[in-house]
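One structure below.
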Amino acid sequence: MAASVTMKLGLLILLSITTSHQVLAAQQQHTINVQSLLSSEMCSSEPAAPDSVNPSSRPGAGSTHQIVRRACVQTGDHKTTLSDHYAAVLHRDLHRVRSIHRRLTGPQSTTTIPAHLGLPFHSHEYVVTIGIGTPPQNFTVLFDTGSDLTWVRCTPCAASSCHAQEEPLFEPKNSTTYADIPCDAPECRIGGFQETSCGVNGSCAYTVQYGDKSQTFGNLAKETVTLSPEAPPATGVVFGCSDNTTTPFQNTGVAGLLGLGRGNSSILSQTRGTGDGGVVFSYCLPPRASSIGYLTIGVAPQPSNLTFTPIKTAAEPLLSSVYVVDLSSISVNGEAVPIPAAAISAATVIDSGTVITHMPAAAYYPLRDEFRRHMGNYTMLPEGLAGRLDTCYDVTGHDVVTVPPVAFEFGGGARIDVDASGILSVAGASGAAVACLAFVPTDSVDIMVIGNMQQRAYNVVFDVAGERVGFAPNGC
């Protein structure tokens, strides 16, 4: 591409999550502290303090910073609160998964940068801090493996779109490196947009629509992006200067989005070959609020127990932006779940922007039934209490809950033994506590999306150049 992009590969972004729980191994099964899980779901104006972490224990880490992604539950009427809580999480997930379904069918050291709590920004996803412009203007943005374009809200911005933003808008006139992209420039056709057109003064106007039906509109521009104060900035990056967004973006305090997809407009693609010749990023989403996780862009030391599964070749062009792998089997309590071949062969997407795993009904119901079989010691609640989460238990008064382990096995032998915090979602109010199986059925037969809950505590490595995804337990 025409843009001159220079960036030293290697970025470590520390992050954490609002979930706060303790997990103890009990033979084959997981034992979960209910109160700590429940307290993590309740709203709080104060973030949890992180554990004391030795900076040398993580590659390139020099300090620790918190970041929160999870939704929280306001106290109030028991049934209404639980319904609203799960609806908030699942509504965006549902549209995102349907959108993915439509797309499927139709240098080497790491450096640490500050990250900020996501809870004050009213977001369900993970957030990091990046700098845009010269000198850098810092913004808290979502990071998303299912999206390509990086964008931030800019001035002028529609009042209805930007009123919730917690930080000042990006001011192009205060940057010495900002440059609008003309609508006749090659970068206007970089890809990853629903459409581009000629805007005011002949600038390249873009529209991007996401899986939850939210949209961002604005102008494409070239700018310097600072991913770490310790590393050289990336120059000439094509990004979106957004002057309008729709729900749910307009209801969150985040400033924009860092796109980590596979498309041409992704910052990964734009910086390809400028460092070590490859494109690699990894993350670990921590299982409790007081632990520290990370997002790393660039090659970093990897654990010896890392196993890989191939990324499927994209026959359909619209498939090229997401990370699709082959799923071999699902097990509950160490036993393979009897799932029809057609369901287990569904295209499986590893996605950081979907919260709960969505799977074809033919795969979900056998999994659910086997899970229920091992949960006979707990009172199951009527379906409908938590919307589409249909397997919920009253755990009021229980100090701990014991659940059967759930595991995904992928082609090539890669495996995720789901952390206990990713098996049950716990919510409560007015002294009551409810725990729900954190998986839902989709209305499609050929798509499965593994959400971020089910990826917790794993080192997930995206070797984009090598076309493979790796998993290793105990990543954070």
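Even glycines carry a Cβ here, placed using N, Cα and C.
Unlike curated records, TrEMBL annotations are generated automatically.
The model shown is predicted, which means the values in this text are computed figures rather than measured ones.
Among the features that TrEMBL reports, signal peptide is placed at 1-25.
Marked as region 'Disordered' by TrEMBL: 43-65.
Per TrEMBL, domain 'Peptidase A1' is recorded for 126-472.
With a 10 A radius on its CB, D144 (active site) counts 22 other CB atoms from all the protein chains. What TrEMBL records for D144 (among others) is active site.
Look at D351 (active site): DSSP puts it in coil. Summarising the annotation, TrEMBL assigns active site to D351 (among others).
D351 (active site) has a Cβ environment of 26 other Cβ atoms inside 10 Å. Looking only at the domain 'Peptidase A1' (126-472), the predicted model's pLDDT averages out at 87.
With respect to their backbone Cα atoms, D144 (active site) and D351 (active site) stand 8 Å from each other.
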